[in-house]
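Visitor: Starting off with a structure, shown below.
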Ligand SMILES: *[C@@H]1O[C@H](CO)[C@@H](O)[C@H](O)[C@H]1NC(C)=O
Ligand SMILES: *[C@@H]1O[C@H](CO)[C@@H](O)[C@H](O)[C@H]1NC(C)=O
Ligand SMILES: *[C@@H]1O[C@H](CO)[C@@H](O)[C@H](O)[C@H]1NC(C)=O
């Protein structure tokens, strides 16, 4: 499988042999640790995995195999939201009474190997109210979001009104994590939903933008933010650090022993943790990307 990975990944592996510089400039004290109930990660992950369901009717009727798991079985009002152009990307919006949240989920790429080969690294400018200028995000991820937006936004707007005391959880695996992150920032920026009502949860999410973007995620004041990584998941190392991409705070890492590490030393200023997934720079794994909490994705 590794033979299909492109030059970018090879570069990345070479880079991994170099010590990770630690950026300690301008490090603010972290006011408070996110109060994330980490026992809910497998539940959130089921919502992410359900977005891969090919048969729209199974999502709409909440009748897919994973939908029946007791942790998500009370979900209702599921609306399937494929992209308008080619329908290649898809998402859904639903309501979870037990979590008192509106679930906003987008699927990842179906073939990780293919995606790694096609990964474009170019960035575009993004201006976000309340954040510093100079934000740049991945062009390809932004394009996927703009294809889904016409289908997803009206449904979200309707649900925000219908469930006024519910939060919104932006949930995705892989590319889906990147796209839901951009969706959340776009909605907050345009005043569709306040950040304080929004939670971000991703699994095996690639890097999405530059350090200004990572800082902006912390500055917007989301209700909760979690970026969950399984062991040596290859995708979280892409696009590579040395092309000026940075992960946002806050990482949760499942280590080699399968233990969830909750004190990764990343911070809201865009410093990536050097005691969590980055310790795996030279041991990248596709299987670790595809399997989270006992659920395998295509
Ligand atoms: C975290 O979630 C689990 C599962 O829903 C629940 O049993 C537990 O009480 C929650 N813990 C806190 C501190 O809210
Ligand atoms: C949610 O589903 C219920 C039926 O289960 C329906 O009565 C209600 O109108 C739906 N709400 C929205 C906003 O679609
Ligand atoms: C991490 O990935 C491996 C596959 O490489 C899988 O067996 C394991 O269950 C995953 N761990 C968790 C906690 O999801």
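Glycine is no exception: its Cβ is also placed from the backbone N, Cα and C atoms.
TrEMBL feature annotations, pasted as is:
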SIGNAL    1-19  signal peptide
DOMAIN    103-241  domain 'Fungal lipase-type'
Visitor: By DSSP, how many residues in the domain 'Fungal lipase-type' (103-241) are helix, how many strand, and how many coil?
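Guide: So the counts come to 62 helix, 32 strand, 45 coil.
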Visitor: On the 0 to 100 pLDDT scale, where does the domain 'Fungal lipase-type' (103-241) sit on average?
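Guide: The predicted confidence over the domain 'Fungal lipase-type' (103-241), as a mean pLDDT, is 94.
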